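Trainee: Input: one structure, supplied below.
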Amino acid sequence: MIFTRLRQHLALAFDTSALCAPGRFRADARWLVTVSCLCYLITLALRLSLWTAWDNAACRVGDEFIMATHDSYLWLAHSRVAVFGDGRPLALFTRWLHEWFGVGLGDIGFWMPAFLSSLVSVACLLWGWLLGGRNSGLFAGLAGALMPGFYARSRLGYYDTDLFTLLMPLLTAFLLACWVRANARQTWLRSDTSEEAEAAPNLWAVLGLGLFTRMAGWWHLDIAHFNVLLFLAALGLALLLACPGRRSQVLLQAAIIILAAFPGLAPLHCSTLITDFHFPAWTIGLCSVLLAAALCAAMRFKGGRLLRRVPWWAHVALFAVVLVLSGIADQAVTAPLNKLLLYFRPAATQGATTHADAPVFPGVVQSIIEARNIPLADVFYRVAGFSWAGYAALAACFFTLLARPLSLLLLPMVVLSLLSLKIGVRFSMFGGAPLMIFMGVGLGALVRLFLRPGPYRRRLGALVCVGAALTLVVPLYAQYASFRATPVLSPPHAQALQWLGRTVPRDAVVWTWWDWGYATQYYSGRATPIDGGRHSGRDLFPSAMVMATDSPAKANRLIRLCAGFPHQDPSLLWHGRTGAEVQSMLEALGREAPHLKPVPPQYLVVSYKDLRIASWILYYGNWNVRTGSSTTPEMYRYSPGSIAFSLSDGIVENRHGDQGRVRTADVLGVDGVVHREYAEQVTDGTLLAGAPHMIINKLTRESLFFDRRSRESLMVRLFTENPPGNDVSKYFRLVADGLPFVRIYEVVQQ
């Protein structure tokens, strides 16, 4: 008896009538518009209110805020030359905002993430409404865009494509779900009662769905691949759950979607039957869209008579031809899989040659912060704010998948976020929105289960869902308000780059670590050998070796050697050589001076932030391309107040009372460097015995400790010697001194 009543309650809670039928779009249109605007404005207001953490001089250069991620500067720098079709639509979007509305580039980069990321709340509202009705939509709309994983990738100053890699798949999946719903039943199993077939969707609406999918894929190549996966999943659902007599029409509509969405869209590849003709991608895309439009017009001619007369096998044949020629079937799995494999901690990559003894270059993914692995507890925090909420959302996900077939289109995003355990913290951003949608559907089901029918049920249910959303969002907002600002570089660093842009020739090249490459391009307007888009092991190896070597002559010659090639890429010189030959060639640069042709002015920027990540830079710079190995330097970093130091005798002491004596100390200040040397023997304990060379930043009050080899690296010497030694000044001339944050040297061409 109890189980029967419980089953009846669950059936009521997950009644398919709670799914919004096509007729409810018109009935709920006013509610959707009103609540969408409210959710968007609330989310936007919360995000914008957090700007006060940036309201200090350390976060500004001139009248601009410094960005929170180096990728922001890619779009800001490229927006000055962006054109349609160059493969960087966010830069073109930035240029349009700048030129049409007169908004400064720095203001766009800082404030626009709040405006764009808040659109995710609208997508969550639509999904929650689609799967569970108004109450579910309310909860999802208020909570979905504010989960920590996505917030961390979309907060103020994070002007990057992550703003679209979640929003566009959510909206594409929603439109695909609406398409499936118009052609299929609402449950996995057929109902005992006869289901009346709904009117087939208008083919022009299907064409619009395809065009939106194409537009969504413009923003990032991963979105295009992900949309292919979503489309094939939606097609499988539509065919599996199709109403009687609809499957052939589903295939016809699918052919129109494919033609409108995918051919000619980078990075998707058509069949070789098309690519062998070497048509430009834009030609393929335009012809494909026109063909889809012509197909819609033909099928709708004279009230759709042709559509009704075409036999079912013709629809199947048309779909098969379009699917094969588009080439998307094999890319649905291979492309996402190859992308994921990049994040499984590659240690090294082989050079561009087929020889077994080819040079082996280091892998870089393991050093990127966003690619670090995180434990399960952190995953739940990032996708739901709290562990209990994460478990509740996963439980709601399970039951929603059983009751709502359309929710299957959200599952890939949930899986991707859970994979952040192994492929990196960045991917946790994809889980918060779909899990809040699932949680909203589950909460809506519980409201319908426990609230008695009556005149106040709708209002009370809405209050419960809003209250539940606030229970999650308010504590998270308090956490976000306590976060400190994280500018990607210091104001003196940015000012030095601006000075460089005003001073040096246009063809000058600035050598800097890849993390600051885009920022260097933006502030100085000059090219850099490496940046956030060119940081593979082969790309960054020369820059790392320049910073890690103890030979200024070798660093000078390596820079000038690389500068003789396009984009400062010496791979043409290394092509076809073995790892032993390349290693010998590099080592010879420190002993003898090869004939080097004159090159445009070259500048080397060394920043305090380079010293903070010196363990990675020196690891790459000491890499042996013959053996494919390196040594990790011993280095420590202590935050302000965590260690005591006596400048008179060189004794350091931590909070636990452990002591040690350093051999050298360099105190960096605005007025220069204070250098001290102490006894060679470590007689007062063993603290930091492996890294007895200390560097103190007087302004940040941080302490860095290096081993002997790291202390003798060119990077550390260029930053700490005042003035630089004779062996350094012979090859590098100091042109800008912004201690304790940055120094810029000109490469001397003898």
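Quick reminder: no glycine exception, Cβ is built from N, Cα and C everywhere.
According to TrEMBL, the protein carries these features:
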{"type": "DOMAIN", "residues": "101-444", "note": "domain 'Oligosaccharyl transferase STT3 N-terminal'"}
{"type": "DOMAIN", "residues": "507-627", "note": "domain 'STT3/PglB/AglB core'"}
{"type": "TRANSMEM", "residues": "31-54", "note": "transmembrane segment"}
{"type": "TRANSMEM", "residues": "136-152", "note": "transmembrane segment"}
{"type": "TRANSMEM", "residues": "164-182", "note": "transmembrane segment"}
{"type": "TRANSMEM", "residues": "203-220", "note": "transmembrane segment"}
{"type": "TRANSMEM", "residues": "226-243", "note": "transmembrane segment"}
{"type": "TRANSMEM", "residues": "250-267", "note": "transmembrane segment"}
{"type": "TRANSMEM", "residues": "279-298", "note": "transmembrane segment"}
{"type": "TRANSMEM", "residues": "310-329", "note": "transmembrane segment"}
{"type": "TRANSMEM", "residues": "379-401", "note": "transmembrane segment"}
{"type": "TRANSMEM", "residues": "408-425", "note": "transmembrane segment"}
{"type": "TRANSMEM", "residues": "431-451", "note": "transmembrane segment"}
{"type": "TRANSMEM", "residues": "460-478", "note": "transmembrane segment"}
Trainee: Is the transmembrane segment (136-152) in contact with the transmembrane segment (460-478), using at least 3 Cβ pairs under 8 Å (sequence separation of 6 or more) as the test?
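Mentor: Output yes: the transmembrane segment (460-478) sits against the transmembrane segment (136-152).
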Trainee: How about the transmembrane segment (379-401) and the transmembrane segment (136-152): at least 3 CB pairs under 8 Å, pairs 6 or more apart in sequence, or not?
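Mentor: Stretch pair touches.
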Trainee: Are there at least 3 C-beta pairs under 8 angstroms linking the transmembrane segment (431-451) and the transmembrane segment (250-267), leaving out pairs fewer than 6 apart in sequence?
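Mentor: Per Cβ check, the transmembrane segment (250-267) does not touch the transmembrane segment (431-451).
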Trainee: What residues in the same chain, six or more past the boundaries of the transmembrane segment (31-54), come closer than 8 Å to it by Cβ-Cβ distance?
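Mentor: Same-chain contacts beyond the flanks: 60, 65, 110-111, 113-115, 117-122, 124-126, 129, 134, 137-138, 141-142, 145-146, 155-157, 473, 477, 480-481, 483-485, 487.
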Trainee: From the DSSP assignment alone, can you count helix, strand and coil residues within the domain 'STT3/PglB/AglB core' (507-627)?
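Mentor: Per-class counts: 65 helix, 11 strand, 45 coil.
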